[in-house]
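Enquirer: Before I ask anything, let me first share the structure, which is written out below as structure tokens.
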Amino acid sequence: MSITRVEITPVAFRDPPLLNTVGVHEPFALRAILQVTTDAGVSGLGETYGDQAHLARLHRAADAVLGCDVFNINELRARVAAALAADTTQGGHGMSGMVTGSSTTDRVLSPFDVAALDIQGKLLGRPVSDLLGGAIRTAVDFSGYLFYKWANHPGAAPDSWGEALDPEGIVRQARTMVDTYGFRALKLKGGVFAPDQEVAAIRALRAEFPELPLRLDPNAAWSVETSVEVGTELAGILEYLEDPTPGIPGMAEVRQRVPMPLATNMCVVSFADVAPAVAAGSVDVILSDHHFWGGLRRSQGLASITDTFGLGLSMHSNSHLGISLAAMVHLAAATPNLDYACDTHWPWKEPGEDVIRPGALEIVDGSIAVPTLPGLGIELDEDALQSLHQQYLECGLRSRDDTGYMQSLHPEFEPASPRW
Ligand SMILES: O=C([O-])[C@@H](O)[C@@H](O)[C@H](O)[C@@H](O)C(=O)[O-]
Ligand SMILES: [Mg+2]
């Protein structure tokens, strides 16, 4: 079952002006869609970041994996690693400066791993979750991911979500999320306003949704002292506090002084980070993300590590389409120690704007039923792929740059970590 062809199609889909500590989302989010074909005529799908530098690496890896057996993921990884061995360039990873230390090989391997598992599943007539050890749940819980946001991108009409720049706006947004999707946990992307305003937003959410677990993630926007102040104020209110401050040592210090668990998708982003973070006692919960942890099998390796060290496991998300969501659902279904509802940016997408045919993945009562069809259980919509590719060609964006976009509108904006 060897790989005979890899097609890589960059696509762009509309994205609202969501704010974060490094800037604001641009009008389009970029992704790359991989179609991997075998000599058996069966093909599989993968989805990853669409930044230009990443695309160049994907193409180098694509040439290197031709002829590789789709059942031999170890060889797949070795070939990707060899193809990128001489690559010492940094950046272009699609995460806007927030997750810089992840492994280049693992980021590039990820969509090939997912596509190979999709093919294996189709050949065997089994869903990907079976290939990962079997689904231990029939549906996967997701959290409602709240963002401060403008009403519209400059020059464009307001989107249906409206503005959210204060606690009332955030509560309104949360109400829409909960009423529409039934989410049973909420996460607020912070690091946008001064910490007291974000504390007020969390308190407002707690008053409106007394039963729902709440998380706050300022993406390392706070100093150790600010993190301790916020953590102390929000005692008993947060399920976990995510990346309050930069770095393994800073997180370790905060962890000693705040009552709630600390989570990260910033100071532990590759296997190389795990030992130092565990030794320093930096975190209680690691957010996995198959897009930078090397695909589904390596993410399960991470799950074993968190299990071994008694750490919690959650799941991180960036703006994504349906192939990524399907992969996340299969992984989460087959990971027994996934202790928390997963993040997803899915509700922020324009309904219907996707590369997969609708219907396979729906958020109902805050969770997504695990597909039971062979492979990922989704189908590529070729026309939609072409139209999102056309949108990519026309939108002019070639790399995610939240900071540059913000500075083009507010030249005085300076991202700093920590900012407060
Ligand atoms: O989409 C965003 O603006 C998020 O801030 C994203 O880039 C982060 O990677 C992420 O969601 C997080 O949990 O840190
Ligand atoms: Mg985070």
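Including glycine, each Cβ sits where the backbone N, Cα and C put it.
Feature list, courtesy of TrEMBL:
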type     : residues : note
DOMAIN   : 167-261  : domain 'Mandelate racemase/muconate lactonizing enzyme C-terminal'
ACT_SITE : K189     : active site, proton acceptor
ACT_SITE : H316     : active site, proton acceptor
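Help me picture where these features are in the structure shown.
Expert: Under the three-state DSSP scheme, K189 (active site, proton acceptor) falls in the strand class.
In the three-state DSSP classification, H316 (active site, proton acceptor) falls within coil. The Cβ neighbour count for H316 (active site, proton acceptor), using a 10 Å radius over every protein chain in view, is 25.
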Enquirer: Can you tell me how many other Cβ atoms are located within 10 Å of the Cβ belonging to K189 (active site, proton acceptor)?
Expert: 24
Enquirer: Mean pLDDT for the domain 'Mandelate racemase/muconate lactonizing enzyme C-terminal' (167-261), rounded to an integer?
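Expert: Its mean pLDDT is 98.
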Enquirer: If I take the alpha carbons of H316 (active site, proton acceptor) and K189 (active site, proton acceptor), what is the distance between them in whole Å?
Expert: 12
